[in-house]
Structure formats: structure tokens, C-alpha cells
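*Asks:* Once you've had a glance at the structure underneath, I'll fire off some questions.
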Amino acid sequence: MARKKISIIGAGNVGATAAHWAASKELGDIVLLDIMEGIPQGKGLDLMEASPVEGFDCHIIGTNSYADTANSDVVVITAGIARKPGMSRDDLITTNTKIVADCAKKAAEQSPDSIIIIVSNPLDAMTYVAQKASGFPTNRVFGMSGILDAARFKTFIAMEMGCSVKDVSTILLGGHGDDMVPLPSYTFIGGIPIRQLLPEEKIQAMVDRARKGGAEIVAYLKTGSAYYAPSASVIQMVEAILKDQKRILPVAAYLNGEYGYEGIYTSVPVMLGANGVEKVFEIELTAEERQLFAKSVDSVKNLIAVTGM
């Protein structure tokens, strides 16, 4: 059986680290593409040379040509400018709209049956741009957001509790930004509702920290943004697709009437498998949660309007 093929567009920190995670899991052969000559080639070769040490079998190449991405099963788009301190994800929209549209169009031409996953920011709007530019069905274009946001929330909970992160489960909704909606009502520690274990003020402090999780990393790094957790998050999605795992994960998916919204991308729980987003799950929300979700959706709508697509 032929190996699966994963193309990663953008060989910066997120793209290269995603390639590393994918290789270590032996998910398939990997193409790392970037417009900067030499960068993807060098990183691809460096990663390939790690394979005898770590014992993973896959072929990795770096390239500047979309022709090398032909017949990919999954295309991950990380290309675009990154945030600097004081910038929001939304500040990137004008530049990254052009970049993501170009990447999605070229990738779709080479791999018309592929699934496209967006990591570029502002994520929900860029996922919308990629779907329009590629012309793909909406179930085959979606974004990495909720997995990362939930991972941050779970990390802070485990740190507060002093427990294993493996025992923390949660879900969240909304855009990948300051208006995201972590859901303590769907958060459990070893199967126990979080509100039975922690006071409300501590829970809300962690909710706020999760919303600002990306900005916290940017403030520390000063010259870039997070890449270990974002790349691990997108490769969890790639694995679910290539192995047809039917995982229930929060991703930036297209809403077609679910939750009362139409024609936008935002993070909701979905079933992720070989066909991409195979089902969108509508969960019950309190009045306050619905209000917060509506605010988040409005923010996404405003960004989509700016793209002009």
C-alpha cells in the first residue's frame, strides 16, 4: 500500500515543527514547501537525517515548487506573517489573506482530492479564504483552532490541580482569538466536573489565560509566536484524517445552520475522519454561553468581511 502524502506549506517554526511531529508518528511522506529558497530544503534534509536516530521511516523533501506537492492526501497551510508583541491575530489579515488564497489555490490545483487544514492567522477568516480560493467542499477545508485553545485551557487546569493533563477533558467554541468561548460546563478532571473541584474565580482566571494564551507566548518570545503546541495540534488532526480515527475534536468548521449560523467558519466539536469534517455536533449551551458564542461569531464575521472574499 502506498504511503500517505502530507504537504506542509510554510517552512517556518510551525511548519517545520509540524513536519517533525508528523515524521515521528510515521504518518506518511512529507513535502515541506516555502517561497524562501534553501529554507525548506535545509530543514527537510535535517529532519530526514534524524530518521536513523529516531527510527522513523518516511521520505521528507523540501521544495519551492508546488509541483512536488502533487497528489497529497492532506495539505497543511501555515504560511503567513506571524504576530509580534502588541499585535492581535486580526492585525495580520490583509497580508495573510493574499498569502493564504494563493497557497490554497496552488495546492488545490496540484492535489484536487486533498484535505486542506489552515493554521495561518486570523485562523477562522483564513479558513474561509482558503475554502473560497480552493473551491473545495467545506468538509475538506477547515482550521486548527479549538484543539490548541483547549490544550492551553487543559494545561492551565492541570498546573492548578497538580494532576496529569491526561485526566483533563474539555471542549470550547468560537473564533481563535480573544472572544473564544472555553466551556467550564463541559470541563472534567478524571470525570469529575471542574466546578466540584475548583472555585469559580480560579476557573475564570484560567478561562481568561486560555483566551490570551497565544499573546502570552508572543510576549515572552518577542520575535515570533507559538509553534510547538500549534504544530502538535494540527498533526493530531492530520493523524485523525489519515487513520480515519473518527475523533471528536474542536476545529474551525463550516457552519451550515448549526447553532443558528450559516456560511462561516468557527470552532465547534466535530467528527474528524478520512472525509474531513464528517459531522458537526451541536451541544446544549446556557444563555450566557450562547451570548458569548454569538459575540465570538460576530468577530469572525467582521474579519471575513475584511477579506473581501
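Think of each number as a place in line: the chain as shown, counted from 1.
Note: Cβ is positioned from N, Cα and C throughout, glycine not excepted.
What Swiss-Prot records for this protein is below:
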BINDING   G10, A11, G12, N13, V14, G15, D34, N96, V119, S120, N121  NAD(+) binding site
BINDING   R83, R89, N121, R152  substrate binding site
ACT_SITE  H176  active site, proton acceptor
*Asks:* Please give the greatest C-alpha separation between any two of the NAD(+)-binding residues G10, A11, G12, N13, V14, G15, D34, N96, V119, S120, N121, in angstrom, as a whole number.
*Replies:* 17
*Asks:* With an 8 Å cut-off on Cβ-Cβ distance and a minimum sequence separation of at least 6, pull the same-chain contacts of G10 (NAD(+) binding site), or say none.
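*Replies:* When sequence neighbours closer than 6 are ignored, G10 (NAD(+) binding site) has L33, D34, I77, T78, A79, G80, C103, V119, S120 within Cβ distance under 8 Å.
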*Asks:* What is the interatomic distance between the Cα atoms of G12 (NAD(+) binding site) and R152 (substrate binding site), given in whole Å?
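*Replies:* Their Cα atoms are separated by 22 Å.
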*Asks:* Under DSSP, is R152 (substrate binding site) part of a helix or a strand, or is it coil?
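*Replies:* Going by the DSSP assignment, R152 (substrate binding site) falls within a helical segment, counted as helix.
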*Asks:* To the nearest Å, how far is the Cα of R152 (substrate binding site) from the Cα of N121 (NAD(+) binding site)?
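*Replies:* Computed Cα spacing between R152 (substrate binding site) and N121 (NAD(+) binding site) is 17 Å.
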*Asks:* Can you check which residue among the recorded positions R152, H176 has the largest number of Cβ atoms within 10 Å of its own?
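*Replies:* Buried the deepest by this measure is H176.
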*Asks:* Please report the distance from the Cα of H176 (active site, proton acceptor) to the Cα of V14 (NAD(+) binding site), rounded to the nearest angstrom.
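*Replies:* Just about 16 Å between their Cα atoms.
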*Asks:* What number of additional C-beta atoms lies within 10 angstroms of the C-beta atom of G12 (NAD(+) binding site)?
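*Replies:* 20, counting other Cβ atoms within 10 Å of G12 (NAD(+) binding site).
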*Asks:* I'd like the number of other C-beta atoms within 10 A of the C-beta of V119 (NAD(+) binding site), please.
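*Replies:* V119 (NAD(+) binding site): 30 neighbouring Cβ atoms within 10 Å.
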